[in-house]
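Residues or ranges marked as compositional bias 'Basic and acidic residues' in Swiss-Prot: 242-255. The SUMO2 cross-link annotation in Swiss-Prot covers 34, 249. The annotation N6-acetyllysine is assigned in Swiss-Prot to 34, 56, 249. Feature annotation from Swiss-Prot assigns ADP-ribosyltyrosine to 155; the stated evidence is similarity to another entry. The phosphoserine annotation in Swiss-Prot covers 237, 263. According to Swiss-Prot, the feature phosphotyrosine maps to 256, an assignment based on similarity to another entry. According to Swiss-Prot, the feature region 'Disordered' maps to 232-264.
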């Protein structure tokens, strides 16, 4: 038997020794998520990402992240049944600049509108905005009782349903086709499209609870940083007013950030 040290035993140390536990959060950084200038509250939250290591760049991990935010949080409002999807398109410093990616109604709102003794009318249409975004809009509306109606049901005839659906599609196409994405989002915030449909269909059959219930982003044009900065009120004068109001809040957030970095 050869005399000497058993290298395997000394190399590995004690068998079954505990590994040193590394806190995964020590390798991560917090980034602020910024909403476009269309919304009143710009600073919507923070997101976590692993720090840049070698070829793995932190900003690449952030781009394409989708955040779903209630409209009440974006507008500092009480009405909270609309949810907006915002997608990160660029990272500037510690800020993730987002753009509109979709809209939806909350499940409880949708369920509260569906009732007996009325007709539910749905329509959807694919439309392209003037700046090249292809959107799919879904609309929903419900028939209601006419004034002085005694009968408890208010069902529309199939012919009327088809007419109303045609009107819905016409109005949605018209409102989106003639505007860019920023103007479309400005219409979705108060849901002026739903109100227009309600007025237009009054002559066919009285409607209530008419909403654009969902907006899907199907296709986007090539990414341009200038346009994104304009959306965030960096290049346009119109966005400056809302940008300045929340500017103070953003500075406070940035002032709070450095101590965390020093500790890391």
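All residue numbers here begin at 1 and follow the chain in the order shown.
Backbone N, Cα and C define each Cβ position, glycine as well.
Since the structure is predicted, the reported quantities are computational estimates derived from the model, not experimental observations.
Structure with Swiss-Prot features highlighted.
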residue : record              : Cβ neighbours (10 Å)
34      : SUMO2 cross-link    : 21
56      : N6-acetyllysine     : 10
155     : ADP-ribosyltyrosine : 13
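Taking the C-alpha positions, the distance from residue 56 (N6-acetyllysine) to the residue listed as 'ADP-ribosyltyrosine' comes to 59 Å.
Cα of residue 155 (ADP-ribosyltyrosine) to Cα of residue 34 (SUMO2 cross-link): a distance of 45 Å. Look at residue 56 (N6-acetyllysine): DSSP puts it in a strand.
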